[in-house]
Each structure stands twice: as structure tokens, then as C-alpha cells.
Amino acid sequence: GRALLILLLSATVSLLGGLIFGYELGIISGALLQLQTDFHLSCFKQEILVSALLIGALLASLVGGILIDRHGRRRAILVSNLVLLVGSLILTLARSFIGLVIGRMTVGFAISVSSMACCIYVSEMVAAHQRGLLVSLYEAGITVGILLSYALNYIFADVDEGWRYMFGLAIAPTAMQFLSILFLPVNPVKLSSWDSDCQKGLIQLQNTEDREVAKREPYKEKHYSFLDLFRTRDNMRRRTLVGLGLVLFQQFTGQPNVLGYASKIFHSVGFQSNSSAILASVGLGAIKVVATLIAMAFADKAGRRALLMAGCVVMAISVTTIGLTSRIAPLAMARDCKAAADPNASHSLTQHPLMPSASQAAVSPIPPASSAVKSQADPGFAASGSLRRVFESTQNRAVVPDSSLIQKRGLVGQSKKETVESTGSPFGGAPWAEHMVLNWITLLSMMAFVSAFSIGFGPMTWLVLSEIYPAGIRGRAFAFCNSFNWAANLLISLSFLDLIDAIGFSWMFLLYGLMGVLAVIFIYLFVPETKGQSLEEIDQQFSRKR
């Protein structure tokens with residue numbers, strides 16, 4: 001009974017950790033719509049607020065590893081829960097922009113430490129044949145958290161100061177995680193206590209064969225310094241290469257941006273603005289949850305390597321398809337930021353000078369395919385529209401960078417105007433139906449991309465990272481790779497629009513496709529299969545020179 005309890009509590013900790021992480025990532029898109037009117041945020045301030053979480057997370061991944069290795073995984077999770085409670089309170093009670101930024105950075109710091117500690121803790125707590133399932137549960141938690149945040153964004157969209165509730169509700173799962181981890185034993189792999197804990201019967205998750213092996217040759221904990229990550233000792237350099245390769249390819253295959261532009265792609269298929277945005281976020285969110293559940297089921301059967309390679313192949317194909325279809329039926333992409341319409345908001349236009357091709361999108365942030373084409377065919381058409389029109393539309397439509405949820409605030413009238421505008425045939429003599437087919441192909445490719453990510457890179461990267469390092473340096477190694485993950489995420493999210501301006505949307509996606517192909521080759525050559533092996537066996541397998 002005790003083993004089952006430990007198993008259930010480990011699962012709860014993993015799931016709640018992911019849930020909080022996903023919730024905090026997703027909630028900002030809805031909160032920003034209200035914050036920009038309540039605090040009169042300029043584009044630049046909105047970008048700062050969105051990036052604050054990433055910056056906090058990046059800081060945490062620089063120091064979190066030391067905390068996890070020195071003070072143990074369990075304590076690191078407890079501390080991160082307390083920090084998260086403080087951050088959520090700061091956000092809920094915030095009265096100024098600075099307060100919001102500090103709150104978001106605190107929250108980012110906490111979820112980053114928690115994300116590393118949870119994956120490592122759970123991977124060390126459970127038997128080899130259940131590890132894939134339980135660590136993947138963390139990623140499933142993230143997808144459910146994102147979905148939950150979109151639902152709450154929608155519920156609180158019309159509530160006065162609804163953003164306070166959005167930020168405050170994170171306190172509930174945090175408190176639950178704090179309580180459930182109090183009942184779990186201190187980490188089994190703490191220096192030599194692993195062996196004694198097994199003998200005391202504290203950890204009965206290992207089956208009898210595992211226990212026999214453990215008694216025969218007690219696992220010797222080695223001590224590592226941070227610099228050992230780059231040395232040849234125990235093949236550490238190769239492990240670091242595997243870890244960094246996985247986190248960088250995870251970002252450079254374009255996942256953060258494909259999701260951010262979901263609502264545009266949905267709109268081009270013909271879903272009108274309000275429903276389009278909600279469908280984009282909720283529909284894709286649901287697909288992600290289902291795909292992650294599939295990954296959980298197969299992580300310990302098919303193996304990590306197989307799922308990673310299959311996911312990458314599908315991602316490369318689908319993102320290339322999006323690139324090719326958008327060459328034939330272009331989607332207009334533009335800077336989605338709108339400053340709060342207050343008297344001195346005019347500087348937002350100087351900040352993002354309207355590109356000729358993007359100017360139409362400044363009037364309608366989610367352009368139907370036809371108005372997108374109109375502005376590309378005749379750049380003067382949109383640019384000549386008076387600034388007054390742009391400002392009117394900013395009041396109507398507050399759109400957030402990286403938001404796939406355009407709220408239900410005064411958008412319906414706007415969408416009717418757009419529909420009237422978009423009834424004409426989009427291309428000279430080209431039949432509308434042909435482009436409809438292409439748009440649907442784009443949409444299906446997008447769904448395939450999201451599912452492939454959630455089966456491969458999403459859960460498997462963190463699973464492999466929590467397995468391949470020796471226990472003595474696992475926290476610092478995980479944190480080191482994680483810091484590259486956050487930095488790459490920040491870089492890609494911030495440079496996406498500039499890159500599109502420079503090389504064009506379709507080339508951007510073809511570039512992601514190429515990255516996917518490179519990722520498959522990388523995984524084939526360097527990532528070993530770790531399913532069904534104990535952490536000690538994986539360590540020994542790596543230590544032998546191969």
C-alpha cells in the first residue's frame with residue numbers, strides 16, 4: 001500500500017508541477033488585454049511584461065541547479081512553491097507596472113526551479129519501467145494548464161479587474177503541490193542513503209530483481225564539479241552535447257512561434273475573429289493534451305528515441321508544408337502589438353514602423369486571407385488609410401504578442417466589416433476554392449505539427465535530460481541545459497517578426513523544416529535509448545566509452 005501511495009503522490013507532484021507551469025505561461029495572454037487598458041501599457045511595456053517570466057526563468061536555471069544538488073530535490077520543490085505563492089500574491093495585489101514585472105519575474109523564477117526539480121525528483125523516485133510515464137505526466141500537466149488558463153481568460157474577460165483573479169488562482173494548485181510533497185520521503189538518491197532506504201523498505205517501487213542488484217553492488221555516488229560537464233570524465237561531454245542538442249532543437253524547430261500564429265491560420269481558413277481565436281487556442285490545446293497522453297502511454301514501450309525521431313519527422317514535414325502552401329496563398333503576418341489607446345500612445349507607431357506589407361494588418365490584427373493579399377498586391381492601399389483608423393481599431397482590438405486568444409471584447413462588429421471586405425475574389429482570376437483547400441492543408445499541417453511536438457520533443461526532452469546525468473550533478477546539468485532552453489525561447493520569440501520582415505514567412509517555415517531534418521539526424525547519431533533501464537544502468541552505459 002505504501003508503494004502505491006508513493007507512486008500516486010509522485011504522479012500528483014509531477015502533474016501539479018506541470019499544471020502550474022502551463023497555467024502561468026498561458027494566463028498572460030488574457031490578462032494583458034485588461035492590463036493594457038488598466039495600466040495604459042505601451043507596446044514596449046507589454047513586451048517587457050511578457051518577457052519578465054522568461055527572464056525570471058532564465059535566472060532560476062542559472063542558480064536553481066546548485067539549489068537542487070546541494071539541498072535536495074524535495075526541498076527545492078518546497079522552496080519553489082513558497083516563492084510562487086509570494087509571486088502570485090504580488091501579482092494579485094499589484095498596483096503599478098513595476099509590481100507586475102516583479103511578480104512575473106518571481107513567478108518565472110519559481111516555475112523554472114520547480115520544473116527542473118519535479119522532473120528529476122520523480123525520475124529518481126520511481127522504478128525504471130514507470131519512469132517514462134510519470135515524467136511525461138509533467139508535460140501532460142503543462143498542456144492541461146495552458147488549456148485551463150485559456151478557459152479562465154475567457155471566463156474573466158469581462159470581469160472588472162479580472163486579471164487579479166487570473167493571477168491569484170495559481171495559489172490553489174501550488175498549495176496542493178506543497179501539501180502532497182510533504183508526505184513523500186526525502187529523496188532516495190541522496191549520497192549513500194539510496195541503498196539504506198531500499199533496505200528500510202521506504203522505497204518498494206523497485207522490483208525484487210532491482211533490489212537484488214542494488215544489494216550486490218551498492219551504487220557509488222561520485223562527486224562532480226560544474227566544469228566536469230565539459231570534460232571527458234565519464235563521457236560527461238557527450239552527455240552535455242545530447243542535452244544541449246535536444247533543448248536547442250526543441251526551440252529551433254519553431255514550436256513557440258507556430259503556436260503564437262495559430263489564430264491567424266485558423267482565421268485564413270474562414271473562422272471569423274472571435275470564434276477563430278478561441279478555437280485556435282482551445283482546439284490546439286485539446287490536440288496537445290491528447291498527443292501528450294499518447295506519448296505517456298508509449299514512452300516506456302516504444303522508447304524515447306523512437307518517439308523523438310517520429311515526432312521530428314512529422315514536424316519537419318508539416319512545417320515544410322506550411323511553408324510551401326504559404327508561398328502560394330500568402331498569410332499576412334504583422335506585429336500584433338497594440339498600445340493602449342490613451343492620448344500619448346502615438347509612440348507605439350514609431351516603435352514598430354508600419355511595414356508596407358504589414359500595414360493592413362495594423363488595422364485588422366487577424367486579417368482574412370483576402371485582405372492580406374490585398375495589402376500585398378497594393379501596399380499603398382493600407383498605408384494610405386488615415387492614422388485615425390488605426391487608432392480606432394486599437395481601441396476595439398487589443399491584441400497581445402504571443403496571444404492566441406483574442407477576447408470577446410467588442411470584436412463582433414469589427415468582424416462583420418471584415419467579412420464584407422473579404423467576399424471579393426482574393427487573387428486576380430484564381431478560384432477562391434483552390435485557396436480554401438490550401439488553407440485547410442495549412443491548418444491540418446499545423447495540427448500535425450502540434451501533435452508531433454507533444455509526442456516527441458515536448459515530453460521526451462525533459463525525460464531524457466532527467467535520466468542521462470549522474471545523480472551527483474543531475475541538478476546542475478539539467479539547469480545548464482534548461483538555461484539554454486529559456487534563452488533560445490526568448491531569442492526566437494523576440495526575433496520572429498524581424499526574421500519574417502527580412503526573409504519572408506514561407507522561407508521562415510522552410511528553415512524550420514530544415515531544422516527538423518537536422519534534428520532527426522542528431523537524434524539518430526547521438527541520443528541513446530534509455531527505456532526500461534535504471535538510472536544507474538544508464539549512467540554506466542554512458543560512462544563506458546562508446
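Cβ atoms here come from the backbone N, Cα and C positions, even for glycine.
According to TrEMBL, the protein carries these features:
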- 10-531: domain 'Major facilitator superfamily (MFS) profile' (DOMAIN)
- 48-68: transmembrane segment (TRANSMEM)
- 75-94: transmembrane segment (TRANSMEM)
- 100-122: transmembrane segment (TRANSMEM)
- 134-157: transmembrane segment (TRANSMEM)
- 163-184: transmembrane segment (TRANSMEM)
- 240-258: transmembrane segment (TRANSMEM)
- 278-299: transmembrane segment (TRANSMEM)
- 306-325: transmembrane segment (TRANSMEM)
- 440-465: transmembrane segment (TRANSMEM)
- 477-497: transmembrane segment (TRANSMEM)
- 503-527: transmembrane segment (TRANSMEM)
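Listed by sequence, the residues of this chain that lie at least six past the ends of the transmembrane segment (163-184) yet keep a Cβ under 8 A from its Cβ atoms are 5-6, 9-10, 12-13, 16-17, 19-20, 23-24, 27, 30-31, 34-35, 38, 74, 77-78, 81-82, 84-85, 88-89, 91-93, 103, 107, 114, 125, 149, 152-153, 156. Only residues 6 or more beyond the boundaries of the transmembrane segment (100-122), in the same chain, are considered here, and those with a CB under 8 A from a CB of the stretch are 10, 13-14, 17-18, 20-21, 24, 28, 35, 39, 48-49, 52-61, 64-65, 67-68, 73-74, 76-77, 79-81, 83-84, 86-88, 90-91, 94, 131, 134-135, 137-138, 167, 170, 177, 187, 462-463, 465-466, 474-475, 478-479, 482, 486.
Residues belonging to the domain 'Major facilitator superfamily (MFS) profile' (10-531) score a mean pLDDT of 75 in the model. Between the transmembrane segment (306-325) and the transmembrane segment (477-497), fewer than three CB pairs separated by 6 or more residues in sequence fall under 8 Å, so the two stretches do not touch. Sequence-distant contacts of the transmembrane segment (477-497), counting only residues of its own chain at least 6 positions beyond either end whose CB sits under 8 Å from a CB of the stretch, comprise 47, 51, 54-55, 57-58, 61-66, 68, 112, 115-116, 119-120, 226, 229, 239-240, 243-244, 246-248, 250-252, 254, 256-257, 260, 333-335, 401-402, 465-466, 469, 508. Of the recorded ranges 75-94, 240-258, 503-527, the transmembrane segment (440-465) has the largest number of C-beta contacts under 8 angstroms with 240-258.
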